[in-house]
Amino acid sequence: MDKVTSEEFLITLLLSYFRIVSFLFTFPFYGSFLIPNTIRLYLAFALSFAVLSFINITPVKVNTFVEFLVYALNELLFGFSAGLILRLLFDALIIAGELIALHTGLGFLQMFIPGMTQMSLFSGFFTLYGTLIFLSLGGGEFIILGLAESFKRLPVGSFNIFYLNPEVFLNFFYESFRLGVKIAMPLILTALILNLVLAVVNRFIPQMNVFMVGLPLQVSIGLIILLLSLPLITITMSNHFQDFFKVFEYFIQSFKSP
């Protein structure tokens, strides 16, 4: 391998590294501070080297440093975009947890998960629970394979910001919000019915302190409904994750090799 080929290989390796590392730092699971930065950097380098070893990638020729910076920014943008789609998927679970906490009277309970902002107890529960379901469905392997496929569809140095379709991200945002509301819907309806019943009771028995009776009742019934609806929530998450696999695959395959 001559000097020029070695330089081209090193440049291609660095550009591949930029794409993968920006994806891993955005992806909810790998981007969590539960995984040290050093591990994530080493993992990104290992994946970059594996991609160049097992996928036939044409080395990138760079004439100037400015051209290299443009390529690097494009690769960072692509990795960030792919990771953002996954983050929108898991944000649906946070939305569901916040809605449930709001309608069960437990919104004041907060927890801290490293790598994420402070969130309600239910948001933390659904985030961890959804992550387990995602990994049990082979989501981790699927994402890595999808990222490797992106190097075939869109070789290093060929991405352009104009390839991104804003409508795709808007659809993901809509589906994320819809999934969050769908998961929280049983608890929302239960809280609505309970509040109506308490309003009627307070109308006929004004001497009763509705707040003293309603809050423990709301929490107890909310937890019971959550436990009863957990199998249905699991099925909903699984179906949505499987649909997401197809959509993410379509997102990767929508790019054409130049």
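In case you wondered, yes, glycine gets a Cβ from its N, Cα and C as well.
Per Swiss-Prot, the feature transmembrane segment maps to 9-29, 42-62, 65-85, 125-145, 181-201, 210-230.
Counting Cβ pairs under 8 Å to the transmembrane segment (125-145), the stretch among 9-29, 42-62, 65-85, 210-230 with the most such contacts is 9-29. At the 8 Å Cβ threshold, with sequence separation of at least 6, the transmembrane segment (181-201) lacks contact with the transmembrane segment (65-85), having fewer than 3 such pairs. Below 8 angstroms of C-beta separation, residues 1, 40-41, 43-45, 47-49, 51-52, 57, 59-60, 62, 68, 71-72, 75-80, 82-84, 86-87, 89-90, 127, 131, 134-135, 140, 143, 147, 150-151, 156-157 of the same chain, each at least six residues beyond the ends of the transmembrane segment (9-29), sit close to that stretch. Residues 11, 14-16, 18-27, 31, 146-147, 150, 154, 156-157, 159-161, 164, 168-169, 172, 248, 251-252 of the same chain lie 6+ residues outside the transmembrane segment (65-85) yet bring a C-beta within less than 8 angstroms of a C-beta in it.
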